[in-house]
Amino acid sequence: MNDLFSFPNPVNEKAARVVAGVVALTALLALATGWRWLLIPLAYGFIARALTGPTLSPLGRLAMDVIAPRLGEKKQVAGPPKRFAQAIGAVCTTLGAIFAVGFGWNTAADVILVMMVVFATLESVFALCVGCKMFAVLMRLGLIPEEVCAECNNIWTRVPQPEQTPA
């Protein structure tokens, strides 16, 4: 049971970016069509990934096992900030689903969908994980103990390494 509710550390950033791309497209589709019920599978995916990593997330499995391996060598990044970001997504999309499906508060749900499009696009296209940056701020403030993620202590000073392409 402990293995089921574990989160990978490190995480393949390429797989995380694929997931973010699909999240952005799904949220955009929900906005364009008014299909706010799409917040339900989005919420499930975030909850599953926050609790179990890719284990119970069909999108996570697809990204990790099928798509990311075709994108070249893994780019490993710290797991705890990614888990924190998934948890934020879980809270936001769950609230959005409750707002839209439960109460018919479509404007509130649309605000959350716009946030999902923006933040997931930043992660997918630019490898900018806003939730990870929030995690770093909370660590700096001492609200998240350093032991949670020792390799995260210098998240602000990291210089992105260029991806190596095979010769």
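Just so you know, glycine gets a Cβ as well, placed from its N, Cα and C.
Per TrEMBL, the features are as follows:
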DOMAIN    11-140  domain 'DUF4395'
TRANSMEM  15-39  transmembrane segment
TRANSMEM  84-105  transmembrane segment
TRANSMEM  111-131  transmembrane segment
What DSSP reports for the domain 'DUF4395' (11-140) is 109 helix, 4 strand, 17 coil
The average per-residue pLDDT within the domain 'DUF4395' (11-140) comes out at 94
Counting only residues at least 6 beyond its ends, the same-chain positions whose CB falls under 8 A of a CB in the transmembrane segment (111-131) are 13, 16-18, 20-21, 23-24, 27-28, 30-31, 36, 39, 42, 81-82, 84-89, 92-93, 95-96, 99, 160
